[in-house]
Amino acid sequence: MSILKKSLFLVLFLGLVSFSICEEEKREAEEEENEDEIEEQSEEKKRFEPVPPGFTPFRQS
């Protein structure tokens, strides 16, 4: 009975460790995606910032 308890404990422990490693990798991947989205949004904001009044990109001579 003692051997059965030890092996069951070992299986559960290894499963828990494996699960926590997978969760950590998943969390890191989600953080990377969020950082990429934030970066893209800031680039879009920079592209479409309002132009100051009287500014013309092309000068007429």
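Glycine is no exception: its Cβ is also placed from the backbone N, Cα and C atoms.
Feature annotation from Swiss-Prot assigns compositional bias 'Acidic residues' to 30-42. The 4-hydroxyproline annotation in Swiss-Prot covers Pro52 and rests on experimental evidence. The region 'Disordered' feature in Swiss-Prot is assigned to 25-61. The signal peptide annotation in Swiss-Prot covers 1-22, and the record cites sequence analysis as its basis.
Look at the compositional bias 'Acidic residues' (30-42): DSSP puts its residues at 13 helix, 0 strand, 0 coil. Taking DSSP states H, G and I as helix and E and B as strand, the region 'Disordered' (25-61) has 23 helix, 0 strand, 14 coil.
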